[in-house]
Amino acid sequence: MTTKNAIIMAAGKGTRMKSKLVKVLHQVCGKSMVDHVLTQVEATHMANIVTIVGHGAKDVEAALGDRTEYAVQTEQLGTGHAVLQAESLLKDADGMTLIVSGDTPLFKAETFEELFEYHQAKGAAGTILTSKAPNPQGYGRVVRNRLGIVEKIVEQKDATKEEQEIHEINTGVYCFDNQKLFAALHEVTNDNAQGEYYLTDVIQIMKNQGDVVAAYQMDDFDESMGVNTRAALAQATKVMQQRINAQHMENGVSIINPDDTYIDAGVKIGADTIIEPGVLIKGHTTIGEDCFIGAHSEIHDMVIEDRVRVTASFLEDSIMHADSNIGPYSHLRPQAEIGEHVHLGNFVEVKKAKIGNRTKVGHLTYVGDATLGQDINVGCGVVFVNYDGVNKHHTNVGDSAFIGSNSNIIAPVEVADHSFIAAGSTITDDVNFHDMAIARARQTNKPDFWGRLPHEPENM
(Lines of atoms letter the chains of each structure in order from A and count residues from 1; the text may use other names and numbers.)
(Lines give C-alpha, C1' and ligand atoms only; values in the text may rest on other atoms or scores of the structure.)
Protein backbone atom coordinates (compact mmCIF):
# COMPACT_ATOMS: atom_id res chain seq x y z
CA MET A 1 0.00 0.00 0.00
CA THR A 2 1.31 3.46 -0.94
CA THR A 3 2.21 5.67 2.01
CA LYS A 4 -0.07 8.68 2.53
CA ASN A 5 1.02 11.93 4.15
CA ALA A 6 -0.82 15.20 4.74
CA ILE A 7 0.05 18.87 5.14
CA ILE A 8 -2.57 21.19 6.65
CA MET A 9 -2.08 24.90 5.95
CA ALA A 10 -2.92 26.91 9.09
CA ALA A 11 -0.41 29.77 9.19
CA GLY A 12 -2.51 32.63 7.81
CA LYS A 13 -3.65 35.56 9.92
CA GLY A 14 -7.06 35.96 8.30
CA THR A 15 -7.23 39.76 8.39
CA ARG A 16 -10.64 39.85 6.69
CA MET A 17 -12.16 38.09 9.71
CA LYS A 18 -11.32 41.21 11.76
CA SER A 19 -10.75 39.07 14.83
CA LYS A 20 -8.21 38.59 17.59
CA LEU A 21 -8.73 34.85 17.18
CA VAL A 22 -6.62 33.00 14.61
CA LYS A 23 -8.80 32.36 11.55
CA VAL A 24 -8.58 28.57 11.54
CA LEU A 25 -9.72 28.44 15.19
CA HIS A 26 -13.08 30.04 14.47
CA GLN A 27 -15.76 27.45 15.10
CA VAL A 28 -18.22 25.77 12.77
CA CYS A 29 -20.86 23.82 14.69
CA GLY A 30 -18.84 23.49 17.87
CA LYS A 31 -15.44 22.61 16.36
CA SER A 32 -12.70 24.85 15.02
CA MET A 33 -12.31 24.84 11.26
CA VAL A 34 -8.86 23.30 11.44
CA ASP A 35 -10.17 20.60 13.79
CA HIS A 36 -12.81 19.67 11.21
CA VAL A 37 -10.08 19.40 8.57
CA LEU A 38 -7.78 17.37 10.80
CA THR A 39 -10.61 14.98 11.73
CA GLN A 40 -11.28 14.20 8.06
CA VAL A 41 -7.56 13.87 7.30
CA GLU A 42 -7.16 11.44 10.22
CA ALA A 43 -10.00 9.34 8.80
CA THR A 44 -7.89 8.61 5.71
CA HIS A 45 -5.21 6.88 7.82
CA MET A 46 -2.19 9.05 7.10
CA ALA A 47 1.32 7.92 7.99
CA ASN A 48 2.38 11.51 8.70
CA ILE A 49 0.37 14.68 9.33
CA VAL A 50 2.10 18.07 9.46
CA THR A 51 0.28 21.32 10.24
CA ILE A 52 1.91 24.55 9.08
CA VAL A 53 1.44 27.21 11.77
CA GLY A 54 2.37 30.88 11.88
CA HIS A 55 0.08 33.53 13.34
CA GLY A 56 -1.19 32.27 16.69
CA ALA A 57 0.96 29.15 16.41
CA LYS A 58 0.77 28.37 20.13
CA ASP A 59 -3.03 28.64 20.11
CA VAL A 60 -3.33 26.28 17.14
CA GLU A 61 -0.93 23.79 18.71
CA ALA A 62 -2.85 23.94 22.01
CA ALA A 63 -6.12 23.29 20.17
CA LEU A 64 -4.88 20.30 18.14
CA GLY A 65 -2.41 18.82 20.62
CA ASP A 66 -0.33 15.82 19.60
CA ARG A 67 -2.68 14.69 16.83
CA THR A 68 -0.28 16.28 14.33
CA GLU A 69 3.31 17.43 13.95
CA TYR A 70 4.00 21.13 13.40
CA ALA A 71 6.17 23.24 11.13
CA VAL A 72 6.41 27.00 11.63
CA GLN A 73 6.18 29.59 8.86
CA THR A 74 7.70 32.67 10.49
CA GLU A 75 7.21 34.90 7.42
CA GLN A 76 4.07 34.83 5.30
CA LEU A 77 5.70 34.50 1.88
CA GLY A 78 3.03 32.46 0.10
CA THR A 79 1.57 28.98 -0.06
CA GLY A 80 4.63 27.44 -1.71
CA HIS A 81 6.86 28.83 1.01
CA ALA A 82 4.45 27.50 3.65
CA VAL A 83 4.54 23.93 2.31
CA LEU A 84 8.33 24.07 2.09
CA GLN A 85 8.46 24.46 5.88
CA ALA A 86 7.31 20.82 6.18
CA GLU A 87 10.32 19.52 4.26
CA SER A 88 12.40 18.78 7.36
CA LEU A 89 9.62 16.50 8.64
CA LEU A 90 8.68 14.82 5.35
CA LYS A 91 11.90 14.81 3.31
CA ASP A 92 12.45 11.09 3.88
CA ALA A 93 8.81 10.09 3.37
CA ASP A 94 7.73 8.17 0.30
CA GLY A 95 4.34 7.95 -1.34
CA MET A 96 1.70 10.65 -1.76
CA THR A 97 1.17 13.89 0.13
CA LEU A 98 -2.20 15.60 0.49
CA ILE A 99 -2.20 19.38 0.90
CA VAL A 100 -5.33 21.04 2.31
CA SER A 101 -6.15 24.42 3.84
CA GLY A 102 -7.17 24.66 7.48
CA ASP A 103 -9.97 27.09 6.64
CA THR A 104 -11.98 24.60 4.53
CA PRO A 105 -14.07 22.82 7.18
CA LEU A 106 -16.56 21.13 4.84
CA PHE A 107 -14.27 18.66 3.09
CA LYS A 108 -15.06 14.98 3.66
CA ALA A 109 -12.63 12.11 4.07
CA GLU A 110 -14.34 10.35 1.16
CA THR A 111 -13.31 13.18 -1.16
CA PHE A 112 -9.68 12.86 -0.07
CA GLU A 113 -9.82 9.11 -0.70
CA GLU A 114 -11.27 9.69 -4.18
CA LEU A 115 -8.45 12.16 -4.91
CA PHE A 116 -5.81 9.62 -3.84
CA GLU A 117 -7.37 6.91 -6.02
CA TYR A 118 -7.59 9.20 -9.06
CA HIS A 119 -4.01 10.37 -8.55
CA GLN A 120 -2.73 6.78 -8.52
CA ALA A 121 -4.90 5.70 -11.45
CA LYS A 122 -3.46 8.51 -13.59
CA GLY A 123 0.12 7.81 -12.54
CA ALA A 124 0.40 11.51 -11.79
CA ALA A 125 3.14 13.46 -10.05
CA GLY A 126 0.54 16.01 -9.03
CA THR A 127 -3.26 16.07 -8.98
CA ILE A 128 -5.40 19.15 -8.37
CA LEU A 129 -8.83 18.89 -6.75
CA THR A 130 -11.13 21.20 -8.71
CA SER A 131 -14.78 22.19 -8.70
CA LYS A 132 -17.23 24.21 -10.80
CA ALA A 133 -18.04 27.46 -8.97
CA PRO A 134 -21.27 29.37 -9.73
CA ASN A 135 -19.30 32.55 -8.99
CA PRO A 136 -15.55 31.95 -9.36
CA GLN A 137 -14.56 35.45 -8.19
CA GLY A 138 -11.50 35.27 -5.92
CA TYR A 139 -10.55 31.69 -6.80
CA GLY A 140 -7.60 30.46 -8.83
CA ARG A 141 -8.76 29.24 -12.26
CA VAL A 142 -7.89 25.87 -13.78
CA VAL A 143 -6.82 26.38 -17.39
CA ARG A 144 -7.15 23.34 -19.67
CA ASN A 145 -6.22 22.84 -23.33
CA ARG A 146 -8.57 21.59 -26.05
CA LEU A 147 -7.97 18.00 -24.99
CA GLY A 148 -9.00 18.77 -21.42
CA ILE A 149 -5.47 18.46 -20.07
CA VAL A 150 -4.52 20.91 -17.33
CA GLU A 151 -2.20 23.60 -18.64
CA LYS A 152 -1.86 25.72 -15.52
CA ILE A 153 -3.55 27.27 -12.53
CA VAL A 154 -3.75 31.05 -12.58
CA GLU A 155 -4.55 33.16 -9.54
CA GLN A 156 -7.35 35.75 -9.73
CA LYS A 157 -5.02 38.77 -9.76
CA ASP A 158 -2.80 37.25 -12.44
CA ALA A 159 -5.63 36.03 -14.70
CA THR A 160 -6.48 37.53 -18.08
CA LYS A 161 -10.07 38.54 -18.87
CA GLU A 162 -10.58 35.27 -20.74
CA GLU A 163 -9.17 33.24 -17.86
CA GLN A 164 -11.41 35.06 -15.39
CA GLU A 165 -14.42 33.73 -17.31
CA ILE A 166 -13.45 30.13 -16.42
CA HIS A 167 -15.70 28.56 -13.76
CA GLU A 168 -13.53 25.56 -12.92
CA ILE A 169 -11.63 26.63 -9.83
CA ASN A 170 -8.76 25.36 -7.75
CA THR A 171 -10.09 24.21 -4.37
CA GLY A 172 -6.65 24.51 -2.78
CA VAL A 173 -6.41 20.75 -2.25
CA TYR A 174 -3.65 18.79 -3.98
CA CYS A 175 -2.12 15.33 -4.06
CA PHE A 176 1.58 15.16 -4.94
CA ASP A 177 4.32 12.61 -5.18
CA ASN A 178 6.09 13.59 -1.97
CA GLN A 179 9.67 13.57 -3.26
CA LYS A 180 8.80 15.41 -6.49
CA LEU A 181 6.81 18.00 -4.52
CA PHE A 182 9.76 19.22 -2.47
CA ALA A 183 12.13 19.06 -5.43
CA ALA A 184 9.80 21.33 -7.40
CA LEU A 185 9.24 23.72 -4.50
CA HIS A 186 12.92 24.68 -4.57
CA GLU A 187 12.41 25.94 -8.14
CA VAL A 188 9.43 28.18 -7.36
CA THR A 189 10.06 31.94 -7.64
CA ASN A 190 8.07 34.96 -6.47
CA ASP A 191 7.87 36.63 -9.88
CA ASN A 192 4.14 37.45 -9.81
CA ALA A 193 1.70 40.25 -8.93
CA GLN A 194 1.72 39.35 -5.25
CA GLY A 195 5.45 38.81 -4.91
CA GLU A 196 4.76 35.45 -3.25
CA TYR A 197 5.88 31.86 -3.72
CA TYR A 198 2.79 30.14 -5.13
CA LEU A 199 2.24 26.45 -4.54
CA THR A 200 0.37 26.40 -7.84
CA ASP A 201 3.64 27.08 -9.70
CA VAL A 202 4.66 23.52 -8.81
CA ILE A 203 2.14 22.34 -11.41
CA GLN A 204 3.90 24.14 -14.25
CA ILE A 205 7.33 23.02 -13.03
CA MET A 206 6.20 19.38 -13.05
CA LYS A 207 4.70 19.74 -16.53
CA ASN A 208 7.92 21.27 -17.83
CA GLN A 209 9.77 18.22 -16.47
CA GLY A 210 7.46 15.92 -18.40
CA ASP A 211 5.57 14.67 -15.36
CA VAL A 212 1.87 13.86 -15.53
CA VAL A 213 -0.35 16.49 -13.89
CA ALA A 214 -4.03 15.58 -13.44
CA ALA A 215 -7.15 17.32 -12.15
CA TYR A 216 -10.02 15.60 -10.36
CA GLN A 217 -13.27 17.58 -10.46
CA MET A 218 -15.50 17.04 -7.44
CA ASP A 219 -19.29 17.28 -7.67
CA ASP A 220 -20.18 19.31 -4.57
CA PHE A 221 -18.85 22.88 -4.73
CA ASP A 222 -20.07 23.64 -1.18
CA GLU A 223 -17.60 21.09 0.15
CA SER A 224 -14.71 23.20 -1.15
CA MET A 225 -15.89 26.41 0.50
CA GLY A 226 -13.03 28.39 2.02
CA VAL A 227 -13.70 30.76 4.91
CA ASN A 228 -12.09 34.20 4.79
CA THR A 229 -14.90 36.41 6.15
CA ARG A 230 -17.59 36.30 8.82
CA ALA A 231 -20.20 35.93 6.08
CA ALA A 232 -18.40 32.89 4.70
CA LEU A 233 -18.15 31.48 8.23
CA ALA A 234 -21.92 31.79 8.60
CA GLN A 235 -22.46 30.11 5.23
CA ALA A 236 -20.12 27.24 6.13
CA THR A 237 -21.94 26.82 9.43
CA LYS A 238 -25.27 26.65 7.59
CA VAL A 239 -24.00 23.95 5.23
CA MET A 240 -22.45 21.97 8.09
CA GLN A 241 -25.66 22.26 10.11
CA GLN A 242 -27.72 20.92 7.22
CA ARG A 243 -25.31 18.01 6.95
CA ILE A 244 -25.43 17.27 10.71
CA ASN A 245 -29.23 17.46 10.90
CA ALA A 246 -29.63 15.25 7.84
CA GLN A 247 -27.40 12.61 9.43
CA HIS A 248 -29.44 12.62 12.66
CA MET A 249 -32.69 12.27 10.72
CA GLU A 250 -31.20 9.41 8.72
CA ASN A 251 -30.41 7.76 12.07
CA GLY A 252 -34.04 7.95 13.21
CA VAL A 253 -34.28 11.33 14.96
CA SER A 254 -37.33 13.51 14.19
CA ILE A 255 -36.32 17.14 13.68
CA ILE A 256 -39.52 19.09 13.08
CA ASN A 257 -37.84 22.05 11.36
CA PRO A 258 -34.20 21.34 10.42
CA ASP A 259 -33.68 24.92 9.23
CA ASP A 260 -34.47 26.21 12.73
CA THR A 261 -32.54 23.64 14.79
CA TYR A 262 -28.87 24.00 15.75
CA ILE A 263 -26.89 20.88 16.69
CA ASP A 264 -23.12 20.83 17.23
CA ALA A 265 -20.89 18.31 15.49
CA GLY A 266 -20.09 16.38 18.67
CA VAL A 267 -23.71 15.69 19.69
CA LYS A 268 -25.16 12.16 19.83
CA ILE A 269 -28.93 11.55 19.71
CA GLY A 270 -30.84 8.28 19.97
CA ALA A 271 -33.57 7.05 17.64
CA ASP A 272 -37.19 8.19 18.00
CA THR A 273 -36.24 11.35 19.84
CA ILE A 274 -38.27 14.37 18.74
CA ILE A 275 -36.70 17.82 18.49
CA GLU A 276 -38.96 20.84 18.09
CA PRO A 277 -38.04 24.14 16.35
CA GLY A 278 -35.72 26.67 17.95
CA VAL A 279 -33.65 24.11 19.85
CA LEU A 280 -29.88 24.50 20.38
CA ILE A 281 -27.88 21.40 21.34
CA LYS A 282 -24.19 22.11 21.87
CA GLY A 283 -20.90 20.67 23.04
CA HIS A 284 -20.50 16.99 23.86
CA THR A 285 -24.16 16.34 24.59
CA THR A 286 -25.59 12.82 24.49
CA ILE A 287 -29.36 12.33 24.26
CA GLY A 288 -30.97 8.91 24.51
CA GLU A 289 -33.85 7.31 22.65
CA ASP A 290 -37.53 8.35 22.77
CA CYS A 291 -36.80 11.76 24.27
CA PHE A 292 -38.71 14.97 23.64
CA ILE A 293 -36.80 18.25 23.37
CA GLY A 294 -39.34 21.06 23.29
CA ALA A 295 -39.17 24.30 21.36
CA HIS A 296 -36.59 26.90 22.40
CA SER A 297 -34.68 24.61 24.74
CA GLU A 298 -30.91 25.11 24.98
CA ILE A 299 -28.71 22.17 25.96
CA HIS A 300 -24.94 22.25 26.60
CA ASP A 301 -22.65 19.31 27.42
CA MET A 302 -25.47 17.20 28.88
CA VAL A 303 -26.05 13.50 29.36
CA ILE A 304 -29.76 12.84 28.85
CA GLU A 305 -30.94 9.25 29.12
CA ASP A 306 -33.92 7.59 27.43
CA ARG A 307 -37.48 8.95 27.55
CA VAL A 308 -36.58 12.30 29.10
CA ARG A 309 -38.85 15.26 28.37
CA VAL A 310 -37.38 18.78 28.21
CA THR A 311 -39.79 21.69 27.76
CA ALA A 312 -38.43 25.17 26.97
CA SER A 313 -35.53 24.97 29.44
CA PHE A 314 -31.79 25.66 29.69
CA LEU A 315 -29.62 22.66 30.61
CA GLU A 316 -25.84 22.62 31.03
CA ASP A 317 -23.12 20.21 32.11
CA SER A 318 -25.40 17.87 34.08
CA ILE A 319 -27.08 14.46 33.94
CA MET A 320 -30.77 13.61 33.57
CA HIS A 321 -31.54 9.95 34.09
CA ALA A 322 -34.29 8.04 32.29
CA ASP A 323 -37.98 8.98 32.39
CA SER A 324 -37.47 12.34 34.09
CA ASN A 325 -38.87 15.66 32.90
CA ILE A 326 -38.13 19.36 33.26
CA GLY A 327 -39.79 22.64 32.43
CA PRO A 328 -41.02 24.87 31.13
CA TYR A 329 -38.55 27.66 31.91
CA SER A 330 -36.23 25.78 34.23
CA HIS A 331 -32.44 25.75 34.49
CA LEU A 332 -30.00 22.95 35.21
CA ARG A 333 -26.67 24.50 36.10
CA PRO A 334 -23.39 22.54 36.14
CA GLN A 335 -22.98 19.37 38.23
CA ALA A 336 -26.65 18.59 38.70
CA GLU A 337 -27.72 14.94 38.60
CA ILE A 338 -31.41 14.22 38.19
CA GLY A 339 -32.63 10.71 38.99
CA GLU A 340 -35.18 8.53 37.21
CA HIS A 341 -38.86 9.55 37.08
CA VAL A 342 -38.05 12.94 38.61
CA HIS A 343 -40.36 15.88 37.92
CA LEU A 344 -38.87 19.38 37.77
CA GLY A 345 -41.61 21.86 36.93
CA ASN A 346 -41.59 25.47 35.82
CA PHE A 347 -39.04 27.99 37.08
CA VAL A 348 -36.89 25.46 38.94
CA GLU A 349 -33.14 26.04 39.18
CA VAL A 350 -30.79 23.23 40.20
CA LYS A 351 -27.06 23.70 40.75
CA LYS A 352 -24.46 21.21 41.98
CA ALA A 353 -27.19 19.03 43.44
CA LYS A 354 -28.29 15.41 43.24
CA ILE A 355 -32.00 14.63 43.17
CA GLY A 356 -33.10 11.04 43.77
CA ASN A 357 -35.61 8.90 41.89
CA ARG A 358 -39.28 9.91 41.83
CA THR A 359 -38.70 13.18 43.67
CA LYS A 360 -40.93 16.09 42.64
CA VAL A 361 -39.88 19.74 42.58
CA GLY A 362 -42.94 21.43 41.18
CA HIS A 363 -42.23 25.12 40.67
CA LEU A 364 -40.47 28.32 41.69
CA THR A 365 -37.68 26.55 43.57
CA TYR A 366 -33.90 26.84 43.92
CA VAL A 367 -31.94 23.69 44.81
CA GLY A 368 -28.23 24.41 45.19
CA ASP A 369 -25.44 22.41 46.87
CA ALA A 370 -27.82 19.72 48.08
CA THR A 371 -28.45 15.99 47.99
CA LEU A 372 -32.11 15.00 47.86
CA GLY A 373 -33.13 11.38 48.28
CA GLN A 374 -35.97 9.46 46.67
CA ASP A 375 -39.73 10.10 46.76
CA ILE A 376 -39.42 13.62 48.16
CA ASN A 377 -42.00 16.34 47.57
CA VAL A 378 -40.64 19.88 47.41
CA GLY A 379 -43.36 22.51 47.50
CA CYS A 380 -43.66 25.78 45.63
CA GLY A 381 -41.21 28.56 46.45
CA VAL A 382 -38.69 26.50 48.42
CA VAL A 383 -35.14 27.88 48.59
CA PHE A 384 -32.07 25.91 49.59
CA VAL A 385 -30.05 28.74 51.11
CA ASN A 386 -26.48 27.63 50.49
CA TYR A 387 -24.32 30.77 50.73
CA ASP A 388 -23.33 32.63 53.89
CA GLY A 389 -21.53 35.45 52.10
CA VAL A 390 -18.17 33.66 52.17
CA ASN A 391 -18.67 29.92 51.70
CA LYS A 392 -21.17 27.53 50.13
CA HIS A 393 -22.73 24.90 52.41
CA HIS A 394 -24.44 21.58 51.71
CA THR A 395 -27.87 20.24 52.67
CA ASN A 396 -28.98 16.59 52.77
CA VAL A 397 -32.64 15.61 52.55
CA GLY A 398 -33.59 11.99 53.19
CA ASP A 399 -36.01 9.72 51.35
CA SER A 400 -39.75 10.41 51.44
CA ALA A 401 -39.37 13.78 53.15
CA PHE A 402 -41.96 16.50 52.59
CA ILE A 403 -40.91 20.14 52.30
CA GLY A 404 -43.82 22.56 52.45
CA SER A 405 -44.21 25.57 50.21
CA ASN A 406 -42.30 28.79 50.82
CA SER A 407 -39.73 27.16 53.10
CA ASN A 408 -36.10 28.24 53.42
CA ILE A 409 -33.54 25.53 54.16
CA ILE A 410 -30.50 27.26 55.67
CA ALA A 411 -27.41 25.12 54.99
CA PRO A 412 -25.76 23.18 56.43
CA VAL A 413 -28.62 21.05 57.77
CA GLU A 414 -29.71 17.40 57.68
CA VAL A 415 -33.35 16.62 56.96
CA ALA A 416 -33.95 12.97 57.80
CA ASP A 417 -36.01 10.32 56.00
CA HIS A 418 -39.79 10.57 56.39
CA SER A 419 -39.61 14.00 58.01
CA PHE A 420 -41.96 16.91 57.38
CA ILE A 421 -41.29 20.63 57.09
CA ALA A 422 -44.33 22.85 57.48
CA ALA A 423 -45.03 25.50 54.86
CA GLY A 424 -43.44 28.87 55.45
CA SER A 425 -40.70 27.55 57.72
CA THR A 426 -37.11 28.76 57.88
CA ILE A 427 -35.07 25.71 58.86
CA THR A 428 -31.73 26.29 60.59
CA ASP A 429 -31.40 23.05 62.58
CA ASP A 430 -31.47 19.36 61.68
CA VAL A 431 -34.86 17.66 61.33
CA ASN A 432 -34.99 14.14 62.74
CA PHE A 433 -36.63 10.95 61.46
CA HIS A 434 -40.47 11.17 61.48
CA ASP A 435 -40.37 14.70 62.97
CA MET A 436 -42.35 17.67 61.72
CA ALA A 437 -40.47 20.99 61.84
CA ILE A 438 -42.36 24.27 62.14
CA ALA A 439 -40.23 27.40 62.12
CA ARG A 440 -42.48 30.38 61.64
CA ALA A 441 -44.21 33.03 63.75
CA ARG A 442 -47.57 32.00 65.23
CA GLN A 443 -50.54 33.68 63.56
CA THR A 444 -52.28 36.40 65.59
CA ASN A 445 -55.68 37.81 64.56
CA LYS A 446 -56.55 41.37 65.77
CA PRO A 447 -60.35 41.71 66.30
CA ASP A 448 -62.04 44.79 64.79
CA PHE A 449 -58.74 46.12 63.45
CA TRP A 450 -60.48 47.41 60.33
CA GLY A 451 -61.94 50.34 62.22
CA ARG A 452 -58.52 51.47 63.41
CA LEU A 453 -57.31 52.25 59.90
CA PRO A 454 -56.56 55.97 59.40
CA HIS A 455 -59.05 56.08 56.54
CA GLU A 456 -61.26 53.58 54.79
CA PRO A 457 -59.73 52.42 51.50
CA GLU A 458 -61.80 53.24 48.43
CA ASN A 459 -63.86 50.51 46.79
CA MET A 460 -63.63 48.21 49.82
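Note that Cβ sites are derived from N, Cα and C of the backbone, with glycine treated the same way.
Taken from Swiss-Prot as is:
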type	residues	note
BINDING	LYS23, GLN73, 78-79, 101-103, GLY140, GLU155, ASN170, ASN228, ARG333, LYS351, TYR366, ASN377	UDP-N-acetyl-alpha-D-glucosamine binding site
BINDING	ASP103, ASN228	Mg(2+) binding site
REGION	231-251	region 'Linker'
REGION	252-460	region 'N-acetyltransferase'
ACT_SITE	HIS363	active site, proton acceptor
BINDING	ASN386, TYR387, SER405, ALA423, ARG440	acetyl-CoA binding site
Could you pull out which residues elsewhere in the chain have a CB under 8 Å from any CB of the region 'Linker' (231-251), counting only those six or more residues past its ends?
17, 26, 28-29, 33, 36, 105-106, 222, 225, 258, 261-265, 267, 269, 271
Taking the region 'Linker' (231-251) alone, what is its mean pLDDT?
98
What is the one among the recorded positions LYS351, HIS363, ARG440 whose Cβ has the most other Cβ atoms less than or equal to 10 Å away?
LYS351
Among ASN386, TYR387, SER405, ALA423, these being the binding-site residues, pick the one whose CA is nearest to that of ASN377 (UDP-N-acetyl-alpha-D-glucosamine binding site).
SER405
Count the Cβ atoms, other than its own, that fall within 10 Å of the Cβ of ASN228 (UDP-N-acetyl-alpha-D-glucosamine binding site), considering every protein chain shown.
15
Write out the long-range same-chain contacts of ASN386 (acetyl-CoA binding site), meaning residues 6 or more apart in sequence whose Cβ is under 8 Å from its Cβ.
GLY368, ASP369, ALA370, LYS392, HIS393, HIS394, THR395, ALA411
Expressed to the nearest Å, what is the distance separating SER101 (UDP-N-acetyl-alpha-D-glucosamine binding site) and HIS363 (active site, proton acceptor) at their Cα atoms?
52
Maximal Cα-Cα distance (Å) across residues annotated as binding acetyl-CoA, namely ASN386, TYR387, SER405, ALA423, ARG440:
22
If you count CB neighbours within 10 Å, which one among the binding-site residues ASP103, GLU155 has the smallest count?
GLU155
